[in-house]
Every structure is written in C-alpha cells, then in structure tokens.
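Below is one structure, written out as structure tokens; comments come after it.
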C-alpha cells in the first residue's frame, strides 16, 4: 500500500478537474486517482536504515562526529584514539533509531487498522465486504448506521424518507450535532436495488481534491441529464452515519485525497527553540574551534621554524614534512583534541533529560483523570523544555474548554426563578456534589443522568401549576429533536444541538416526555398520559430570526403556537399584557446570563382556527413562490409570531470543564496569551469566552470583527488599533517595506486590556497576505482573541501566522480531528484524550484528559524542564569549555604539538563517567521552588518566555567563565609545579604528574561549580556527586595500577603516578587553591546579584525560605464544582470588581445599553465592529445577604442564547 | 510496564515520592548568613596557610648554576656545536661557593632549559612494552619509535625511540675545596627514581641465567649513545639495562620545557658531610657531552635542601597570601552591599 502512497506523492501535474464514472473501474483507473489507502508512516523495513541514518546525519552534530572519526583514523593527525568517538556516536544513533522505529511502528499499526476496516462495496453486481484500502474512486459502497464514512462520497440513496441521511461531523469540525444530507431524487430512486445500482453509470465531473470542508462543486450526468452537485449531497470521510439504516454512496475521493486527509496538514519534525539555538551555537562553536585551531596551527608553524628545526636532532620530522605541512597536520590534530567543546555526550544527555522529564509527565498523578482512567502522556519526548517557554496558547472550544455537555440549570417560569437552593434561613447555597438532588422516581421515563437540585420546581409540576406545565409542554413540543426508543421506556434523543437536547431532556424529567414524532405529529407523555399533538407547522430557526416556533393542535383541538428564542427577539413580539412579567423575567435573565448561562425565552399564543387556516393558505402560496420566497415567508412568520404571551426563560449551562476559568486565569498571570479557535458560532464562542475568564467585564473593550469584505475587515482592524493606541496614526505599516523579508513583530504596549472576536469570514480575509500583519498586530495587542467559525485549515493558518512573525513558542490544544492541523502546526500540540475521537491525540505531542492539566503541564513540568535543560546546558558548556581551554593554554608550552594535558583515559571518561551522573542528577531532580509555589507565582514562568536562562548571551557568559576557570586551572598548577620536587627530592614536575594534577583540579572545580548550580539536593544528587568523585579516584588508581600496566603496557603508561604524586601536600594545596579561585568570582557575582537586583526566582525562593518557618501554603486545588453557579468569570468579576468599574472612566466611555426598554433594542450589530462593553449584569452571588435585589439599574444586553442553526 | 492490571484505576501512576518529584531535598541558597562568614573564614585560613608555607619555603636553601658556557665549559660548548666532534670527550670545571652551610639532605639536580620533552611526537616515541621487558618488543620495537627503532645495521634499538635516544649524558663530580684540600663530595646515584618506575614500569628482559649482555644480544644501542644499555653503570651491575636510575629519571618526561632532574643525593655518612654541605667553595667537574646549542638551551646544576613541602618554590605561599587578601577585600565589599541593600529584605519584595 505504500506504493500507492508513493504514487500520489509523485504525481506531478495538478489535477484540474476530476472525472469519474460509476461502476467503471477501468475508466476511472486511467486517471490514476489515489485509492482509499492512507499512509501516515514514514519508513518501511527496507527504507528505514538508510532514510533514518540520512535524517540523523542531517543533524550537524552527528555529521561532525562522523567527520572527527575519519580524522582520527589518519595516523599523522590522530591525537586521540578512535574509540573515544565511535562508542558515543553509535550509542546516540542506535537510541534515536530505536525511538524513531517504535514511533513509526505505531503509525503503521494505526494505518493498518484504518486501512483494514471493512465496508460493503458493489463489485460485479454483488455487494462484497472489502477492506477500506481496496476501495477505489468510482465504486459504489453501502454504509450502515453508526459506520464511519469510508471516503468522500456522493450520496446516492438512503433508507430514510426523502433520501435523507443524518451524519455526525465531530471528527471533521468538532461539532457533535447531527447534520442532514440529501441525495438527488434521481439517484435516490435507485433505492436499495442492487441491480439498479449496478447499472448506474452516472458520470461525475467535479473539483479536484482540496481541503475546503464547506464547499463542493460538481455535476452528475446520468441518463442524458445533468444535475448539479453541492456540499449537501456529499458525505465526507471522517463523518459517522447516524439514525440512518443504510445509504449508498459513490466514491469521489479516496484516501489521501479526501478532505479529511487534505486538512490534516503536513506532519513535520518538531524541534524546540533550544534545539535551534543549540544548532546555531554549535555552528558558532565550530567557528570558534576553527579559530583556535588556526591560532595553534600558526603557532606550530612558527615554532617549527624557530625551534623545531633546531630540535630535529632529537626529533627528526617525518619524511619531508616542512613547517607548513606540520602546521596543517597540527590544525587537524587540534580539531580532534579540542572537539570536546561540542561533545557528543551533550546530545545523549539532552535526550536522556528530555526522556526523564517526559516520564515525570506520564507519572504525574495530578494530571491523571480518574473518571476515565487516563493519565497524562508525553507522546513526544523531545519537546519538554519548550513547555516552559509557551507564549501563545491556541485552544479549541468544544470538548477542550467545555465538556460539550449542556445541562438545564435554571429557569424562570411566570416570574418565579427556579434552580437555586436556599437553606432555611434564606441563604443561597452553593451547589456541590453533595447537595441533595431532586428525586425523579415518580416518572418512569426520566433520564437518570439528569440532575436538578431545586425541589420547588418539581413541587410546582406536581401541583399542576398551569404555567409550569405549559412551560415544559412547550419544551417537549417546540424542537427538532429525534427520539429513538430501542426498548420500551429507554429513550435516546438525537438533537441537532446539545442545548436542544438538554431542554427536551429537562422536560422529559419533569414529566413531559417527548416520545416520538412523525412528520405531522408529536407524541408526548404528559404526566403519565400519552398525548399526540398534531404538528401543523415548524417555523424554523435561522440566524436572523433567532427563534423557532411550532404550531400544534392539541388532542382537545386547541391550536397553539409555541415559540422559543433569543430574549431580545421574543421581547419585541410579546403582548403588552406581559410587561410586568417581562420585567421580572428580565431580572432573572440578567442573573442567568451573569452566571454565564445560555438563555432562551419561551412564549406561546393560542391561535384562532379561522385565522390559522387563512394564514396556512397564504403560507402555502408563499412557499410555492418562485422568487422572493424567503422574504415573503419571513413576513408571514413575523405576522403570526406576535402578541405572544411570555411563559418564562430557560437557562442552560454549556458546561465548562473543571477548573477552566482558574486555569485561564493562571495562564494569563504567567503572561501566556490564549486564543480560542473554534468552529462554533460567534455568540456561543463569545459566551464561553466570558464564562471562562477569557473576556472579562473589566476589559476596556472587546472588538468584534465581522466584516464581509476585505475593506471592511481592514477598516475594523484599524479602528481597533486606533482605539487601543489612540496616540498613533492610523497608518501603521508602511506596507511596501513589509515585503518578503520575514520580520519579527515586537510586542506592543497598549492602553488597557482588550479582547478580539473575529468570525470565519473575516478571518479568511484577515489571513490574506496583504492583511495578515494588520490582523496579527491587532490580535497581539489584545489580551485574548477568539476566532469563531474557523475551518481546521484556518486554525493552522492562524498558528502559522503567529509562528511566522512572532519569535514565540506556541501551543495548540484540542480534542477533535478538526484540531489536528493546528496541533501539528504549533510548536507543541496537546490533545485532550479520553474522548471518542483519537485523531487529535494521535497527532499531538502531549495528551491528557482535562484542559486544567495544562497549567500543571506548563507551569510545573514545562518550567522545570526548561529550567533543568538550561541549567544543564549552561553547566555542560562550562565544564567542557573549561576542559578544552586548558589544552589551548598548554599548547603554548608544548610547542603546539597537539599534546593533551590530560591522560587519554581521563579524556574518554570525563564526559561519560566522571561528570555525567552529577549533571544528569541535577537536570532530572532540580527544582527552584516546588509545584505549590510554582502555582502560587505564575510569574516564575515569564523568564522562560523571554529565553532568559539560556540564550546567546548566557552562552557567552558561560564561555567567559570557563575561560577564566581554565586559566586558573592551567596556570596555578603550572606555577606551583614547574620547579618543584617531591618532599623526597624525586620528580613531580613530570608530564604525567602534571596531567594528573590538572585533571584532578579540573574535576574538583567543575564539581564545586555543580554544587553551586544545584538548588535541590536530594539524596540521589549527593550520591551522584560524591560517587562520581569517588569513582574518579577509584578509576584513576585502577588505571594507574601495576596490574593494568603489566597487562597492557602501552595503554596504561601512567603507572604509579597517582601513588607518587597524590601523596604530596603541595599537590593538594594546589588543588585547594584552584578550587577556591574558581569558586570565588561565581559566589561573589551571584551574591551581589541577589542583593542588588534579585530575579523573580530569587524573590520566590526567599519567600519560600521565610515561609518554611511557618506552614507552607495550602495547595490550590481545583475543586470539582460541577454545578456551581459561581463558575463563570462574569459572576466572578462582579463579586469583586464592580466598584472599580463604576468609579473608573471606562464605565462612562462605554455605550450604556439599557434593556429595560428592551423592545426597541436591536441587539449587537452583526456587521461592522463595535467596541462592545458588557456592563453590569450584576450577579447576586457576590452579595449573598441581599440575594435578589439588583442594585444596578442599567443592565446591558445579554448574549442572546440561541439554538444551533441546522447543518453547516 | 506492559502489565495491565484490571480495575478502574489501573492506569493511575504510582504515588511514590520519586515519580511525583517530591523527594525530600535540601535547597541551599546564597544568603548573607552563610556567604559572609564563609568568606571571612576562608580569608583567615588562606592567610594562615600562606604564612606557614612561606616560612617553610624560606627555610630551604637553593643554589643554581648555569654552566652552559661558564668556567672552562665554553670550550666544550663550542666543541659540541659541531656534530662531527660528538665522539670526542670533553671535560670542564665550574666553581661555586656556598655562603651558608646546607643543613640536612642535599639534592643535586641537573637542569635543562628550552628542552621540549613534552612534544607529542617526542613523548610518543618510546616503547613501554619493550622497557618492561617484553621480549617481542625488544626485538621488534613499536612503530612509535620511528625513526629510532633500528640502528645503521638494521638491528633493533634497545631502548628505542627519541626519548631514550636523547638521554642527558653529562656527568658531574662535586668537589669540596676544604681548607685541608679538595674532598670528593659523595653522591648517592641510586634510589633517585620513583619506586614504581624502578620496580614495575622498567624491567630488564629475563632469560634464565643469561647475563645482561647476552639478553641484549642482537640489539643495537641508540644512535646518540656511547655505551650500550647493559653497560650504563660500570660500578653497579644491578643498575644496568632498562632499570638504570639515570635512564628511568630521564624517561619520566618533563611537563614543561624548563625542568630539572635529580642527579644524586649527598651521602652523609662521613665527615665533613654528616650535617649537609658545609659552607665554602666547591667545584664541579663536568664531562660535557650533551649539546644544547642546537635548541638554544641552557644547562645548569642545582643544589638544594628540601622540606616536606618540596623545593624552594615561592609560588604557592605567595598565591595563598594574595588570595587571602582578595577574599578579604571581596568579603568587605559584599558586607557593604548586603548592609546597604539586602539586610532590610526590601530588595526581595515583589
């Protein structure tokens, strides 16, 4: 199957139009369309080794070590044995290859699993079960209920009336509501008849493969007729068939050409910014290395000319080498010796540290979600430290911020509000898991999962309060939900939107059970009695109407119109007699909206039989009109939906996941910007934005960009910029200079906090290359950004845009297939696991079950990983530079002959054994402050975003520091030793003793430096540090022992050196002196720094020390508050921030939107930008002692909560 | 790993301190309470050490004499310029006077300047396996010895390589010009190398009861040597071959181009040397063989007494004293900085 994959990669010419004929494989094969096999894996068994090695050697470091290896086998140059390079290199390559192989095997598995799914295909006039990967373009396949759609299909026929099918598109766009597709009548007539279907020879011409989910254009030619095809007749791969027994479809696009796969984006090898920085640094180091070697080579040349030529009596040159050639050889010899500036063990260690920190993420119990037994998982082990540098978080909404569960939470019926729980003193209680629930056992058809706490409502129902009954009757009748009753009494609702489902479920539990529907009737069980209502008309919802009505005839013959819709809309159509009720309900509505609930207003009206008949007549006429049908119908709807009687209002909670507002608050304290990219509608998205603290009441403004043309959008963006930075001219960018050169856009200061909401249409314009900078600039000036109605690809584009112009690290988090492209595009992709679709998780780098774990991932794990990695790198470069520079100084004393300062064994083992474990220990265990304090001080995260711990500057400092250390480490022993003898007069100034002395000094110096770096001493660290020193002496004494020498005299020439020199006091006095001198400036610098300009870390650590005397702060746990009414940010902000709002000037700047006059208010403008101030939906939760009296009279428009518009 | 425990919480991570990163730990921080006392303490320690070491070093005596062209050696110096005269012996004498008697053990060193024993190719040019007595290596020395592995006749050289070949071959006789006449100063010429070198690192190849010359049969002497390796010490048969003390001392290559190597130790059994070297005039008779003109080197003799600390090297004491002052200075600066900024704790406020 990989061959097919390759085929489509190789295809050069772009397809301009797709032509295919049903049931004609031969014809279709001539176009070489991709089959339905998908391939996400990279290698196969044969290509693995070469491809993987090729990839690995693209890493500069690996190539460099290969090169070193070549140098080392040339005898004239070789200044070190070849195995010093081979062992680590092979180790690195193997480990990486093994990891890549397992990753790829997993991808193969998932590919295989998908490719081997079975589907029924019509072949040779018979239905046969075939594997997905064998399905070809032009085949007719049969799908059954709850099956995944195999490929992009043209719907031919279905089991349902009118050739309808219902599909769920969650995998594609994240929306879980059902959508409807309808086949052409001409194909629908084929029905289930295999013979007819086999004879079907329609020809399709359509657009080439593309990634637009919402558009399709093509024509079907069948029996001489041409039919036009649009998106409504297409089933896309990734959808699931629901409520439809079977359907037949014609495959249009297969495998990699399906819209789902085209939307997946390219999977690229992700690297962290530290990786990139390291590559740059390694290049610099190479330059520096070449520089050092050149100096030494020139030195060698001069030395050979001046002294070497005279020394030739004792040391003849190798045949015919003159000084210049000797210098040339010396250059390469020094390349080998000084290669330790870029040691390969650096890369091994980096991988180990990342792996270790990934395990910590896997092991973290606080990121484990017990409800569905899902631990967090680090699926990529190479990106950890980047988690500590995130500046932008791109989040999906549905399933990520929200649970995608709507619950009926509160309602207001006839001026009485239900849903809150009060204790006997009248205090409102916070609803927790332990609050007593309403018992619905009186109703055998109740949904057991439905939870309600206010007993008053159930009492009202039982007392047969007519308004309450009417309220629930309306909910049971006025909707478009489908009911499925597989077993008697076990009802399942299929709703187009979750909120509708919630409302119908609520009615069901309160005794008004919607049981089934036919096209012209709705049967409900009303308090145990089966009743069937004749359904006379559905005045359906749309975006302009923002309401929905049904006209029904009750079994008694009474005609009624039931209507539910957005408050502003319904209020305009109420009968004057309700004005008093309206005021009370408005109060309740404000209260509900203030708590972040989605509200609907319910109203009804009894109809006159005669009037209705006449209206019906006109309606029929209008609906058959050819032109102007829409507006005529609208007029008719307007006409009948008036003088309504208000029943009350419902409040639905779009349940946020636990701890979302707190998480967002924490992240924004850590200076992380959060953008929500959602496929949802603007209102929904905005509402969630408020309830999860993204948009806040005290923001200076929220800009809505919803222009319908590029000019509008540009203008709106400019207006937004001007109001954020009033001082500046409206011409922000001299656009000519923006040109091609990719620039980095700096962050700009603005005069306050702003939010931005942009919808999909405008976003499409804003992402065009001419406007993207304008958009980015505006968006980045805002504190939070919400993009709604965006396609998966746009999500990726937004992420790419930020990546392109901002030098920042981005993270994308999502749960569905529609987030895959964004997850792949961002530096870090996080998948929410434990849900049904696994696409997001599979392409993510990290996955966990709840959005709130993000704060732990970033603020704790990310921060620590970054800190550890930076400490590691700084220390590692320090220790290796110091190690290497000593060679450099020695060169001036040994005639630039590429003699090493240290014993060869020491060189081999220095990085692998003597210093490996202590620094690994530090980078696996170190923490400046523990997790509790990390949460308490999210500001600790900021240095990571600013790259403070490891940058070119930090690196340069390291290099300077090691330069100093190496000077100390070479010249102190030199001066102390060069003219000294042992206490018994024997030699101690010999080369071997000097080597031993310097390497011991070096080891002590770097160990003490590590001790200074380490801020978290566990027993393991202590063991590693002391153990490594002990190891050094043990190994040294062993290597220098008689036995080793006598076995291999030429490999262990240092025999006896340790015994003969380490027993000398002056040796130890030298070691002590070098240690003191190496440590002195470091301690001085750090101490002074802490005193003069302490960093945030110093401050927090200081606090920790102070707090140790007292008790540590209690861990801030995100409490599980499932039905808490105080969850929403809207309510929160009022609890404390209201006074500020009134006294600050902002309150006055904003247009005061009064809605007590409600009827005249037109709502938010949907075109053009409006600096929207949401003011003053006072929540009584802030002041429990006075629960129900709003003390702010002017209340603004609430979000109108609407049911979802049907289909895409 | 891999085990699938049944149960609803089967994938829950262990609650171990290690996995949850809650290992008990000590978090040190650089605070004034620890840093400042530590600095003052270190200053004091270094000061005491420095003074003590200085006193120790001052108690030693040392006398250096560059004899490259001194006294009558200028003739020999000129003679050795020319390679063709290499075979002709040349002797000369230099005089030196000791103002104050050298008390205790007196050590006699020869010193070379600008002689690079630490060149990579020079240092590699030896065969440790040969010198530990491996018979294979005796007859076929390692290629590292090139071009000093075979002599003119194609015989394998023992010991091979540039290091052994360039052995320092001046010899000295120290005379004390006592008022009663010149007395030969007795020097112990054995026991001047490391025990490990003498007994382990260097061994003569053994072959039954064969004498040394027989053992070295079939090998040639190094190019610049006048005597074969088994005949280095005419007075002591056990000090010949690879275990000759002078050879061992030479083979321990110096780390730097200026070095001194032990030649002999004063034998204090007889008068007038029981207490060391008495004050007075001395002469050194030198058999001047080693050419230094080629590499612009210098040769010297050094007479010195020692303490536990070694010879007269002032560097460490002075370095300790300087370091002590430095630490003290820094400690004062830090104290001032701390009093001014850190003491109140205001700098730690956010």
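Every residue, even glycine, has its Cβ placed from backbone N, Cα and C.
Annotations in TrEMBL come from automatic prediction, not curation.
Annotation comment: TrEMBL describes A:396 as active site, 4-aspartylphosphate intermediate. Residue A:396 (active site, 4-aspartylphosphate intermediate) falls outside any helix or strand according to DSSP and counts as coil.
Taken from TrEMBL, the feature Mg(2+) binding site applies to A:396, A:398, A:815, A:819. The DSSP secondary structure for residue A:815 (Mg(2+) binding site) is coil. Its own atom aside, the Cβ of residue A:815 (Mg(2+) binding site) has 33 Cβ atoms within 10 angstroms in the protein chains shown.
Marked as ATP binding site by TrEMBL: A:396, A:397, A:398, A:500, A:541, A:564, A:598, A:678, A:679, A:680, A:789, A:795, A:818, A:819. Residue A:598 (ATP binding site) falls within a strand when secondary structure is assigned with DSSP. Its own atom aside, the Cβ of residue A:598 (ATP binding site) has 26 Cβ atoms within 10 angstroms in the protein chains shown.
According to TrEMBL, the compositional bias 'Polar residues' annotation covers A:1158-1169.
Each residue in the domain 'P-type ATPase N-terminal' (A:21-86) has a pLDDT score, and their mean in this model is 83. Marked as domain 'P-type ATPase N-terminal' by TrEMBL: A:21-86.
The feature domain 'P-type ATPase C-terminal' is assigned by TrEMBL to A:841-1094.
Annotation source TrEMBL lists region 'Disordered' at A:1158-1195.
Below 8 angstroms of C-beta separation, residues 48-49, 52-53, 56, 62, 65-66, 68-69, 72-73, 336-337, 339, 343-345, 347-348, 351, 900, 904, 907-908, 912 of the same chain, each at least six residues beyond the ends of the transmembrane segment (A:80-98), sit close to that stretch. According to TrEMBL, the transmembrane segment annotation covers A:80-98 (among others).
The feature transmembrane segment is assigned by TrEMBL to A:280-303 (among others).
Within the same chain, residues 59, 61-62, 64-65, 68, 71-72, 74, 76-80, 85, 88-89, 91-92, 95, 282, 285-286, 288-290, 292-294, 296-298, 300-301, 304-305, 308-309, 317, 876, 880-881, 883-884, 887-888, 891, 896-898, 900, 907, 910-912, 916 sit at least 6 positions outside the transmembrane segment (A:323-348) and bring their C-beta atoms closer than 8 Å to a C-beta of that stretch. The transmembrane segment annotation in TrEMBL covers A:323-348 (among others).
Using a Cβ-Cβ cut-off under 8 Å and counting only residues 6 or more beyond its ends in the same chain, the transmembrane segment (A:876-899) has close neighbours at 79, 292, 296-297, 299-300, 303, 307-308, 311, 330, 333-334, 336-338, 340-343, 346, 349, 910-911, 915, 919, 955, 958-959, 961-963, 965-967, 969-971, 974, 998, 1002, 1005-1006, 1009-1010. The feature transmembrane segment is assigned by TrEMBL to A:876-899 (among others).
Counting same-chain residues at least six beyond the ends of the transmembrane segment (A:905-925), those with a Cβ under 8 angstroms from any Cβ of the stretch are 80-81, 83-84, 88, 340, 343, 345, 349, 352-353, 356-357, 868-869, 871-872, 875-876, 879-880, 883, 995, 999, 1003, 1006-1007, 1010, 1013-1014, 1016, 1018, 1020-1021, 1024-1025, 1027-1028, 1031-1032, 1035-1036, 1039, 1052, 1054. Annotation source TrEMBL lists transmembrane segment at A:905-925 (among others).
The annotation transmembrane segment is assigned in TrEMBL to A:954-974 (among others).
Non-local neighbours of the transmembrane segment (A:994-1012) in the same chain are 875, 878-879, 882-883, 886, 900-903, 906, 910, 914-915, 918-919, 922, 965, 968-970, 972-974, 977, 1025, 1028-1029, 1032, 1036, 1040, 1054, 1057-1058, 1061-1062, 1067, 1070-1071, 1074-1075, 1078-1079, 1082-1083, 1086; each lies 6+ residues outside the stretch with a CB under 8 Å from one of its CB atoms. Under the heading transmembrane segment, TrEMBL lists A:994-1012 (among others).
For the transmembrane segment (A:1019-1040), the residues of the chain that approach it from at least six positions outside its boundaries are 903, 905-906, 909, 913-918, 920-922, 925, 996, 1000, 1003-1004, 1007, 1010-1011, 1052, 1054-1059, judged by C-beta separation under 8 angstroms. Annotated transmembrane segment per TrEMBL: A:1019-1040 (among others), in sequence order.
Among the features that TrEMBL reports, transmembrane segment is placed at A:1067-1089 (among others). Outside the transmembrane segment (A:1067-1089), and at least 6 residues removed from its termini, the chain residues within Cβ reach (under 8 Å) are 961, 964-965, 968-969, 972-973, 976-977, 988, 993, 997, 1000-1001, 1004-1005, 1008-1009, 1012, 1061.
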- So of all those binding-site residues, A:541, A:598, A:679, which one's Cα sits nearest to residue A:398 (Mg(2+) binding site)? A:679
- Note on the structure: Residues in the domain 'P-type ATPase N-terminal' (A:21-86) per DSSP class, helix first, strand next, coil last, are 35 helix, 1 strand, 30 coil
- What is the interatomic distance between the Cα atoms of residue A:815 (Mg(2+) binding site) and residue A:396 (active site, 4-aspartylphosphate intermediate), given in whole Å? 7
- Which has the fewest other Cβ atoms within 10 Å: A:398, A:818, the binding-site residues listed? A:398
- Query: Listing them in sequence order, which of the binding-site residues A:541, A:598, A:789, A:818 have their Cα within 10 Å of that of residue A:396 (active site, 4-aspartylphosphate intermediate)?
  - Reply: A:818
- Task: Inside 10 Å of the Cβ of residue A:541 (ATP binding site), count up the other Cβ atoms and send me the figure.
- Result: 23
- Express the distance between the Cα positions of residue A:789 (ATP binding site) and residue A:819 (Mg(2+) binding site) as a whole number of Å. 13
- Item | Integer Cα-Cα distance in angstrom, residue A:541 (ATP binding site) to residue A:819 (Mg(2+) binding site) | 28
- Task: Select one residue from A:396, A:819: among these recorded positions, choose the one with the most other Cβ atoms within 10 Å of its Cβ.
- Result: A:819
- Message: Please give me the CB contact count at 10 A for residue A:789 (ATP binding site), counting all chains in the structure.
- Response: 21
- Message: Give me the CA-CA distance between residue A:679 (ATP binding site) and residue A:819 (Mg(2+) binding site), in Å, as a whole number.
- Response: 10
- By a simple count, how many Cβ atoms lie within 10 Å of the Cβ of residue A:679 (ATP binding site), its own Cβ left out? 27
- So how far apart do the ATP binders A:396, A:397, A:398, A:500, A:541, A:564, A:598, A:678, A:679, A:680, A:789, A:795, A:818, A:819 get, largest Cα to Cα in Å? 33
